[in-house]
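Structure first, then comments.
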Amino acid sequence: MTDTNTTRCGYVAIVGRPNVGKSTLLNHILGQKLAITSRKPQTTRHNMLGIKTEGDVQAIYVDTPGMHKSNEKALNRYMNKTASAALKDVDVVIFVVDRTKWTDEDQLVLERVQYVQGPVILAINKTDRIEEKADLIPHLQWLQEQLPNAEIVPISAQQGHNLEALESLIAKHLPENDHFFPEDQITDRSSRFLAAELVREKIMRQLGAELPYQITVEIEEFKQQGKILHIHALILVERDGQKKIIIGDKGERIKRIGSEARKDMEVLFDAKVMLNLWVKVKGGWSDDERALRSLGYGDL
Ligand SMILES: Nc1nc2c(ncn2[C@@H]2O[C@H](COP(=O)(O)OP(=O)(O)OP(=O)(O)O)[C@@H](O)[C@H]2O)c(=O)[nH]1
Ligand SMILES: [Mg+2]
């Protein structure tokens, strides 16, 4: 007798240049905010798994940092390497682009994706913002010539448009496998990591142009006492002036960062959260490979 129930399971890398909507796409597929997002490029710094199990199908998504050109700093090199590594050993690649906007950085991603042996899906995102639909057609033709085997799917990650079509295409490409993760697991990342990311997201969203790139967040304490989760987060900046900006006038800004991060944490962890934030200067951490490793930025 043969078993007629086939289960499918595999890895799906979500790649693209910064700011095209990769993390937004992951969150909408999962139906839950897991990855941080912002209007600023280079929001995501680490690969993160988002696992979706529906019946016999388990899709393991890998959200990645946007691949970008500036390679001067160790942190930037780390981010680009991390994103490129995600292209190896996955079953499906989703290459996300922003409508008809095509930059040198999209070209960089294209050149990597062209080497991928397995199925590639080209997701044209932010279609809710397309005014001139006619402009899209020649661009799609051009893209198809660059990636002749890719399937092209227009989506709006933010509005949830056409995501079912995207997901059923992905499911078709997943190999027959037993599931690698339990049905209720949604990520490989720890609660501490997710908490640190939420603090970083609020900083990305609230602060001006350059500053967020010189900040990282470490969780120093994460413990449950009775019904309350006590979380202490350390915000590391590069210079003294940056510390002042984060704290703000009479501590206004850090208070707002803390209260917004706490609200998201309470939803994510389904618990009451007491959050304490500290700011410390650690000069040059973003270009110091040893400091980066000790801050959880993996091997370079
Ligand atoms: N209008 C519109 N905006 C979107 C859509 N998807 C994402 N965005 C916005 O685009 C911005 C960037 O989204 P992210 O998901 O952070 O982009 P990302 O590709 O993960 O960026 P990095 O992590 O920096 O590589 C945010 O302001 C999102 O709200 C969409 O479908 N439509
Ligand atoms: Mg992202």
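Cβ atoms are placed via backbone N, Cα and C, with glycine included.
According to TrEMBL, the feature domain 'Era-type G' maps to 8-176.
Summarising the annotation, TrEMBL assigns region 'G1' to 16-23. Cβ atoms under 8 Å from those of the region 'G1' (16-23) belong to residues 35-37, 39-44, 63-68, 95-98, 103, 105-106, 108-109, 125-126, 157-158 of the same chain, restricted to positions at least 6 beyond its ends.
Under the heading GTP binding site, TrEMBL lists 16-23, 63-67, 125-128. According to DSSP, GLY16 (GTP binding site) sits in a coil region rather than a helix or strand. The Cβ of GLY16 (GTP binding site) lies under 8 Å from the Cβ of LYS22, GLY66, MET67, PHE95, VAL96, VAL97, ASP106, VAL109, each of which sits 6+ residues away along the same chain.
Per TrEMBL, region 'G2' is recorded for 42-46. Along the region 'G2' (42-46), the predicted structure has mean pLDDT 96.
Secondary structure by DSSP for the region 'G3' (63-66): 0 helix, 1 strand, 3 coil. If you look up TrEMBL, you'll see 63-66 marked as region 'G3'.
Annotation source TrEMBL lists region 'G4' at 125-128.
TrEMBL lists 199-283 with the feature domain 'KH type-2'.
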Return the members of ASN19, LYS22, THR64, MET67, THR127 (the binding-site residues) with CB less than 6 angstroms from at least one atom of ligand 1, or none.
ASN19, LYS22
I need to check the long-range neighbours of the region 'G2' (42-46): which residues 6 or more away from its ends have a CB within less than 8 Å of a CB in the stretch?
18-19, 22-23, 35-36, 63-66, 68, 75, 78-79, 82, 193, 201, 204, 213, 296-298
Helix, strand or coil: which one is THR127 (GTP binding site) in, per DSSP?
helix
Neighbour tally for MET67 (GTP binding site), based on other Cβ positions within 10 Å of its Cβ:
23
